[in-house]
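Participant: So Swiss-Prot lists these for the protein:
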BINDING   10, 11, 42, 43, 74, 75, 185, 186  substrate binding site
ACT_SITE  73  active site, proton donor/acceptor
ACT_SITE  184  active site, proton donor/acceptor
């Protein structure tokens, strides 16, 4: 047993999709979450800058005595996962390989679609991972950066959201896929709009689910599961605290939430 919290980070509110799955699948675990809204978006930054920000957040989480770090951000996973794993004395889990594995479990032939930020798409993170896991599987990757802002600004469920999503996903009308990876943790909050745009026969893959399953497996293997009957969720924003509070109220399950601000700078 290990009652220390799980640390979770994202560039903004998207990581709450991972926290929500932790609430569902690991209900006795406490969480410390950092949404780096002060530096949002990561998806338009270069990899070196994202790496430094992620390392700073890792150091912040380590000071709060987390037992594990979940990088609930595809852009940060692509840019910083090996650096975080080398720098921190705790397990660090990203979202890209779990997402790729989940997609391949559903569709071994492809083509597999991927929607992600500009940075994740430019890095080629999903095609490279899928190629490593299942050589020769075709992948159609599309940068859909405007969809990230829709979620971050609380516009899910609106006509504006559907308009933006439908426009961004036109590629998959021309190049149909059976499986679509939501390769940004913001995108599960747009699942209804995405499904409407690509059609009900396309399976949507949320990497959060497989990522949390990976975390749970590690905790079980190392006898490190928590046993909090009523866990606390400590959520920090480096920017807009009211937006974080709105996201918590809209997307997370009920629980005891402590919200606050954190100062994160490159090289902290």
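Backbone N, Cα and C define each Cβ position, glycine as well.
On a predicted model such as this, the values are computed, not experimentally measured, just so you know.
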Participant: Reported as an integer number of Å, what is the Cα distance between residue 75 (substrate binding site) and residue 184 (active site, proton donor/acceptor)?
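Facilitator: Their Cα atoms are separated by 8 Å.
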Participant: Where does residue 186 (substrate binding site) sit in the DSSP three-state scheme?
Facilitator: coil
